Structure formats: C-alpha cells, structure tokens
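One structure is given below, encoded as structure tokens.
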Amino acid sequence: MTTTLQQRESASLWEQFCQWVTSTNNRIYVGWFGTLMIPTLLTATTCFIIAFIAAPPVDIDGIREPVAGSLLYGNNIISGAVVPSSNAIGLHFYPIWEAASLDEWLYNGGPYQLVVFQFLIGIFCYMGRQWELSYRLGMRPWICVAYSAPVSARTAVFLIYPIGQGSFSDGMPLGISGTFNFMIVFQAEHNILMHPFHMLGVAGVFGGSLFSAMHGSLVTSSLVRETTEVESQNYGYKFGQEEETYNIVAAHGYFGRLIFQYASFNNSRSLHFFLGAWPVIGIWFTAMGVSTMAFNLNGFNFNQSILDSQGRVIGTWADVLNRANIGFEVMHERNAHNFPLDLASGEQAPVALTAPAING
C-alpha cells in the first residue's frame, strides 16, 4: 500500500491576517469593524486624557475670552472638561494641519473635534462589530440593534445638534459639569422638558430601570434550590446546564396576583424582548427629539400667560418654567450676548433721542 503525502501550500500573510481577524476562537474577537474601531477609540481616549489634563484654555465663544477646562489650569475632576471648538471655527473641519500652529489649534479647541470624530467612528464600528460577531456565531442581530440606542443618542448630541445650531461650539463639553451645563442650556433654548419625545425617553430609561429591577428580583426570589440551606444558592447553578435555574411559573403567579393576571408574562422570550425593547425605543425617541430640536423645532411653549377678566396674570407652572429658562439663558454666554432673545424681542421702551436743554 502506497501513501502519498502532499505538502500543503503555506497561506499568504494576507490570508493569515484575514483568518485571524475573522476567527471566533480568539480570546477577544477583532473582526473587520474592529480593525477600524481599535485605532479610533485608542486615539480618542489618548487625546481625551491629554486634553483633560493639560489642554490650554479655548476661545469657545469666538470673542477672545478663552475658557479653561483642563486640570492643570485650575479645574478638578468635576469641573474639568475638554472644551468644544471655537465658534470662530463653526462647522469647519479643523484637523491639526488646518491650523497655522499647534498653539492656534489648541486655542481654537481642535482636540474636541479630534476626540468627537474618532469616538463616533469608534462606537459606530463597535456596533458593526457586534453584528459581525453575531453573524459569525449564527446568532440573531438584536444585540447591535439595542446598542444603536446609545449610539444614536451620542450622534445626536455630538454631531446632529452642532450641525443644526451651526457650530461645534454648541456641542456637549466632554466633562461632568460640562454635561450638566449643556443640559441646562438645552432646556433654556429649546424647552426640552416640554418635548413629547423627551418624555418618552424618560419613560424608557426609568421604566427600563424599574422593569429590570422587577425582573431581577422576581428571578432571584424564585430560584430552584439545588443546595442545602448552609450553602449559597449560587452554587446550585452549573454553567451550561439544561435545566431552568428559576421557576417562571412561580414568578408569573406571584406577579399576576400582585397586580393582575395579564400584567405578567407567561412567555420568557417575549418577556426578555420587552425588557430590551422598552428602553431602546425610549432612547431612540430622545435622540430623535434632540435631532429635531437641533434645527429649533422646540418643545411646547406656553409663553402667553393665563389672564383673568381684569387682565391679571394667573400664575401657572408654565410661567415658572419660562422664568427659569430665561434665567438660564441670561447666565449662558453672558459676555457674548447682552440679553437672551426672549428678553430682547419684547416691547420697546421709549428712550430720549435728544438731550434736554438746560438753562442755567
């Protein structure tokens, strides 16, 4: 008997690279989206850390009054931020090579654009990588669909809103207090609290938290005991076991009696789809709300107060909200504007055009 051995041709470096990138046997899956995700997220993270620590003040309003955001210029972890690029730059793409010098690039807030653009590309690729890994493993694509909710929210805040407002200086600062400042100014200029899409987003986030807590507590309370009373119930679960780890019938019966029968799911698959869909849809609506308000399609306003038959104002919550918004707007960009538009567009006050004659 004769055995013939044929030497296998060695794969090229490109083929080896392709096999490594798409292999699901790696400890961490890379994927084709990962080849772009890894460098962009590393770039964004590195630039953010350096800018947060040591970036010089930025002329955010374009009026030659720089605002310091880094730690070395007097801020702490709470007040520090990567300050958005200058209003003098507007929506222009502002990479390092567009500036006359590195100092000019830093003064005009170039690091903000670098971090934001690299970060957005990175999270887009992360979402694509989730789909890619699901496809390789034969899974359904709902993981990347769920992740599209925070991706759409970040895109609305960092890209769509500055485009609608005409300048990246209106983007959200990359810091804790900068985030809150952005929220307050957004309320002042767009009345987001009175926008129905924001209300749906609040229902999605808080409702999702409630449903998650309810589900986790119900499951934990109806675990099937596989251990003695002196051992933790967690030891009764073996990874990959075929048996149910909790009694869904008991959980269904408890919740159905606690509220009413049809408030409880009797199908585990529909239950978990609901738990995933509720917050995702809510955050989608919030992202759509921010994207529409970016072009000044704002929340409901009740600027006309309710008057009685004598013409006196009947105070309502809308009046309180309007005064708060005007107060926020007065504090915002106080050196760039004299008055917010709500105050500047009121009735004109009579002024003296000629000086009175003084006879001494």
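Keep in mind that glycine also has a Cβ here, set from the backbone N, Cα and C atoms.
On a predicted model such as this, the values are computed, not experimentally measured, just so you know.
Sequence annotations record features per position, and here Swiss-Prot assigns pheophytin a binding site to Tyr126. According to its DSSP assignment, Tyr126 (pheophytin a binding site) is helical. For Tyr126 (pheophytin a binding site), the number of other Cβ atoms no farther than 10 Å from its own Cβ, over all displayed protein chains, is 20.
Glu189 ([CaMn4O5] cluster binding site) falls within a helix when secondary structure is assigned with DSSP. Per Swiss-Prot, the feature [CaMn4O5] cluster binding site maps to Asp170, Glu189, His332, Glu333, Asp342, Ala344.
Less than 8 angstroms from the CB of His198 (chlorophyll a binding site) sit Ile192, Phe285, Thr286, Gly289, Gly299, each of them six or more residues away in the same chain. The annotation chlorophyll a binding site is assigned in Swiss-Prot to His198 on the grounds of sequence analysis.
The C-beta environment of His215 (Fe cation binding site), restricted to residues of the same chain at least 6 apart in sequence and closer than 8 Å, consists of Leu271, Leu275. DSSP gives His215 (Fe cation binding site) a helix state. The Fe cation binding site annotation in Swiss-Prot covers His215, His272 and rests on sequence analysis.
Summarising the environment of Ser264 (quinone binding site), the number of other Cβ atoms within 10 Å of its Cβ, over all protein chains shown, is 18. Feature annotation from Swiss-Prot assigns quinone binding site to His215, Ser264, Phe265; the stated evidence is sequence analysis.
A helical conformation is recorded for Tyr161 (site 'Tyrosine radical intermediate') in the three-state DSSP classification. Annotated site 'Tyrosine radical intermediate' per Swiss-Prot: Tyr161, in sequence order.
Residues annotated as site 'Stabilizes free radical intermediate' in Swiss-Prot: His190. Spatially close to His190 (site 'Stabilizes free radical intermediate') yet at least six residues away along the chain are Met293, Asn296, Asn298, Gly299, judged by Cβ distances under 8 angstroms.
Positions annotated as transmembrane segment by Swiss-Prot: 29-46 (among others).
According to Swiss-Prot, the transmembrane segment annotation covers 118-133 (among others), on the basis of sequence analysis.
Long-range contacts of the transmembrane segment (142-156) within its own chain (CB-CB distance under 8 A, at least 6 residues past either end) are made by residues 119-120, 123-124, 126-128, 130-131, 134, 276, 279-280, 283-284, 286-288, 290-291, 294. Taken from Swiss-Prot, the feature transmembrane segment covers 142-156 (among others).
Per Swiss-Prot, transmembrane segment is recorded for 197-218 (among others). Within the same chain, residues 251, 254-255, 271, 274-275, 278-283, 285-286, 288-289, 292, 299 sit at least 6 positions outside the transmembrane segment (197-218) and bring their C-beta atoms closer than 8 Å to a C-beta of that stretch.
If you look up Swiss-Prot, you'll see 274-288 (among others) marked as transmembrane segment.
Around Tyr161 (site 'Tyrosine radical intermediate'), the same-chain residues six or more apart in sequence whose CB sits under 8 Å from its CB are Asp170, Gly171, Met172, Val290, Ser291, Met293, Ala294, listed in sequence order.
Across the structure, Tyr126 (pheophytin a binding site) and His272 (Fe cation binding site) place their CA atoms 23 angstrom apart.
Within 10 Å of the C-beta of Asp170 ([CaMn4O5] cluster binding site) there are 19 other C-beta atoms, taking all protein chains into account. Cα to Cα, His332 ([CaMn4O5] cluster binding site) and His272 (Fe cation binding site) are separated by 44 Å. Ser264 (quinone binding site) sits 12 Å from His272 (Fe cation binding site), taking the C-alpha atoms as the reference points.
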